[in-house]
Amino acid sequence: MAKFTKANSVGEWLDQRLNTTALNKVLMTEYWIPKDINFLWAMGVLLATTFGILVISGLFLMMYYKPDVNLAFDSVNYTIMQEVAYGWLFRHMHGVAASVVFLIIYIHMFTGIYYGSYKQGREMIWISGMLLFMTFSAAGFSGYMLPWGQMSYWAAMVITNLFGGVPIIGDALVVWIRGDFNVADATLTRFFMLHVFLLPIVIMGLIGLHFYTLRIPHVNNQSSEDIDFDAEAEKYLSGNKKESKVIPFWPIFISKDLAVLGIFLIFYFYLVFFHYNFAMDPVNFDPADNMVTPAHIYPEWYFLWSYEVLRGFFFDVGPIKAFDIGLAAFGFANAIFLLLPFLDRDPAVLPAYKRPGFNVWFWILMVDLIVLTVYGKLPPTGINAWVGFVSAMLFIILFLVLPIITKADAKKRGA
Amino acid sequence: MSNDTNRRDFLGYTFAAVAAVGGAASLVGMKKVWDPLPSVLAGGFTKVDLSGIKAGEPSTIMWRGKPIFVLKKTAEMENSDRDLVIGNDRFTIAIGLCTHLGCIPAWKKSMWKCACHGGEFDASGKQVFGPPPRPLDLPPFSVSGNTLTLGEEGPEYKKIASAMKA
Ligand code: FES
């Protein structure tokens with residue numbers, strides 16, 4: 001056992017037993033961040049904070065929510081919204097945070113893509129981040145179902161039916177996932193378990209992994225310059241702070257993050273108090289009815305792009321059914337981002353504006369995703385169906401040509 | 001020495017075997033927890049009186065939590081080999097869930113239109129537009145006189161089911 005002497009303070013007492021001084025250095029005061037980064041790099045702290053808000057507001061909601069098909073709707077819309085003091089506040093905080101968290105995730109993701117932060121040594125950062133995105137999606141979807149309104153019900157119906165597309169076992173798989181022939185009580189209770197326990201635990205684990213993946217390759221910067229972190233850190237520690245390209249996370253860098261966080265929270269609470277409705281679909285204030293489908297159903301805004309890819313293919317091609325093409329495209333859309341580090345064949349890490357072909361690719365992708373998102377919410381008839389088809393095709397083609405475009409960029413630079 | 005090593009290997013293999021059996025058994029257990037309960041599986045015969053149904057206006061009956069469409073065809077509606085013929089009347093019997101992703105299509109004049117992704121089915125339940133990959137599904141049923149019993153496979157059901165396969 002290590003030698004313990006009498007401690008002179010609580011801090012010293014803890015340090016002897018937990019080595020808090022060393023831990024503090026590794027995590028905070030000697031965790032190095034490049035100086036050359038902008039507010040887009042604050043999204044990590046924003047996400048961590050938003051997740052914290054989700055967990056805490058969720059705990060308060062869980063105390064009154066009842067996971068039972070006969071009680072769920074009223075426990076949310078009557079008990080929590082009308083009876084519980086400030087119940088409405090926690091619901092709106094939870095609902096708005098669930099929506100805003102995806103906005104921030106998308107900004108975080110596309111910042112990474114723009115600056116090439118997924119490449120050469122940073123693949124694990126990207127992959128763990130995409131796994132987080134997928135788990136967040138599952139958590140968002142399972143939570144959307146809990147109020148047991150019409151939109152909840154039919155979202156669950158459509159999404160669970162997707163598994164029917166799995167060859168051979170599809171139909172049985174759908175019944176198994178639902179625990180009933182239909183979306184029913186068994187489905188609600190298992191989604192409740194997923195939403196309040198299993199998925200949050202997985203998310204926390206993945207957040208830990210995601211932070212850890214940053215330790216060795218370190219965080220990227222605006223010019224994608226390859227910084228020797230050890231040398232720069234030494235400069236900083238020897239007092240040469242001006243020349244050093246890095247600063248410690250705590251207390252220097254965090255101040256900028258906190259400033260961005262402050263602005264974000266003002267925006268967030270503005271939404272919570274004045275515009276909470278955007279996260280609450282009016283259809284979901286009708287109780288679930290398994291005998292009537294709402295006239296037009298669509299998912300929350302953050303799933304619209306992949307939903308549109310799914311339904312973009314509305315005609316059969318030869319013997320292949322439109323349904324299967326759509327499903328395959330949907331699977332592609334959800335998995336392809338994971339492979340991004342390997343589709344980008346450019347050996348250098350550079351921001352998009354220094355890679356002409358990739359720059360064009362990036363902005364076309366952004367526009368395409370916006371078009372998909374907008375059309376995902378419109379009824380899929382007439383010309384809308386064709387816009388959906390073309391933009392879904394474009395999405396797929398973009399990823400198929402990415403290796404060629406990035407290779408060509410590298411060649412032009414003479415790499 | 002080599003004796004010891006073998007003994008240790010043996011212990012290792014034994015542990016691996018026990019763990020594998022235990023692991024597989026728990027997976028089976030976990031899978032079964034998610035299976036539908038017996039009460040859910042047992043639920044399920046519904047009787048429908050066909051004599052009160054008006055031609056051209058489909059009715060929707062709930063069976064096993066799913067909507068069942070029963071449409072008495074009018075004279076203008078095309079015949080189909082999935083029609084259930086009782087006397088002079090022809091009926092379309094179908095599970096009212098879109099074969100695309102399971103929304104309930106709504107009857108609009110002469111067709112079922114699915115609002116979710118624009119699928120359309122004609123009066124015989126055949127898909128005529130959009131992503132649905134196959135006609136509306138046929139629920140198992142039997143007929144006696146004017147009564148339809150959903151949930152059991154009668155000869156009329158078998159005949160239509162095999163006609164639909166062909
Ligand atoms: S569920 Fe009917 S068209 Fe998709």
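Residue numbers in this text run from 1 along the chain shown.
Backbone N, Cα and C define each Cβ position, glycine as well.
Copied over from TrEMBL:
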DOMAIN    A:10-223  domain 'Cytochrome b/b6 N-terminal region profile'
TRANSMEM  A:39-65  transmembrane segment
TRANSMEM  A:96-118  transmembrane segment
TRANSMEM  A:124-146  transmembrane segment
TRANSMEM  A:153-179  transmembrane segment
TRANSMEM  A:191-212  transmembrane segment
DOMAIN    A:239-415  domain 'Cytochrome b/b6 C-terminal region profile'
TRANSMEM  A:258-278  transmembrane segment
TRANSMEM  A:320-340  transmembrane segment
TRANSMEM  A:360-378  transmembrane segment
TRANSMEM  A:384-405  transmembrane segment
Residue numbers, six or more beyond the limits of the transmembrane segment (A:39-65), whose CB comes under 8 Å of its CB atoms:
72, 75-76, 79-80, 84, 87, 90-91, 93-94, 97-98, 100-101, 104-105, 107-108, 111, 146, 196, 200, 203, 207, 219, 254, 256-258, 260-261, 264-265, 268
Give me the stretch from A:96-118, A:153-179, A:191-212 with the greatest number of Cβ pairs under 8 Å to the transmembrane segment (A:124-146).
A:191-212
Please indicate, using numbers and ranges, the residues of the same chain that are 6 or more beyond the transmembrane segment (A:96-118) and have a C-beta under 8 Å from a C-beta there.
40-41, 43-44, 46-47, 50-51, 53-54, 57, 125-126, 129, 132-133, 136, 140, 143, 219-222, 224, 264, 268, 271-272, 276, 278-279, 300-302, 337, 340-341, 344, 346, 348-352, 355, 362, 366
Looking only at the domain 'Cytochrome b/b6 C-terminal region profile' (A:239-415), report the model's average pLDDT.
91
